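Written below as structure tokens is the structure these notes are about.
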Amino acid sequence: MTNGKMKKKIIIGNWKLNGSLNMIENFFKNLRIEMFQSSALDFVIAPPFPYLMNVGRMIRRYHNVFLGAQNVDLHLIGAYTGEISSLILKDVGVKYTIVGHSERRMYHLEKDAEIAKKFLLLQKEGIIPILCVGESLSEKRSGNTESILMKQIRPIIEMIRNTDFLKIMIAYEPVWSIGTGNSEDPSSVQKTAEFIKGYILDNLDIRREFLFIHYGGSVNSKNFQEFIEKPDIDGLLIGKCSIEYRSISEIFSKIK
Ligand code: 13P
């Protein structure tokens, strides 16, 4: 499954505040290694912090499966009780990290400028940040989706403009679609992904192949294909279904 430019698409499992040692053992016991060997998709698992090492050990046997984290602190080292730095994430083998998830914006009051700093810190360590953006239901209803997305993406563009950045990964997750069973229409996501790419290409010196737009919000093993087949949807960020080995197996067995 690649688009015209042969980009490899990616499935990112955001486990959020779910999981246990038992669940991890069971998950990998049931995830067939061969399924990933020839897969045209990469798979990233972002477990809660304490399980990074466990999941990291488990995925060593798998091809095309990588370790992700759900957040990072702004500081690198020192007296910041309860926080995790990009240095620590790199040390334990994390390759991707989600920043600015709407749940962090909502429950931890994270703001765009702070999220942009996290994005830059991660890039400096060679970890690929995945910036989450998305509009609320009222913003969608009032026709403000594009202006909200630009507001959320602009600080990143300003922050990395003069840096040696690797690539830009953005997860478009409409807030109203997360965990509700109401996913956005795939054609509408395709249009939004095109819009985001156009906005970044107009404002940053970057080649299209280094730009990745993902969709997240009530994606499951039944509806994922409609999204992943769109030319400008480069991957999916999956919450609930990503902790179910059956759903993940179904997704990877449908895509060869
Ligand atoms: P759900 O797949 O559970 O809707 O969650 C989406 C999400 O927030 C992934 O980051």
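Placement of Cβ uses the backbone N, Cα and C atoms for every residue, glycine included.
Please treat TrEMBL annotations as automatic predictions, because they have not gone through curation.
It should be emphasised that the depicted structure is a prediction, and the values quoted were computed from it without experimental measurement.
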Further substrate ligand in TrEMBL, beside ASN14, TRP15, LYS16, SER218, within candidate set GLY56, GLY179, GLY198 = GLY179
Of ASN14, TRP15, LYS16, GLY179, SER218, binding-site residues neighbouring ligand 1, Cβ under 6 A = ASN14, GLY179, SER218
Most isolated by CB count within 10 A, of the recorded positions LYS16, HIS101, is LYS16
Listed substrate-binding residues ASN14, TRP15, LYS16, GLY179, SER218 - what's their greatest C-alpha to C-alpha distance in Å?
-> 14
Quick note, GLY179 (substrate binding site): same-chain residues at least 6 apart with CB under 8 Å of its CB -> SER218, GLY239, LYS240
Cα distance (Å, whole number) from HIS101 (active site, electrophile) to TRP15 (substrate binding site) | 12
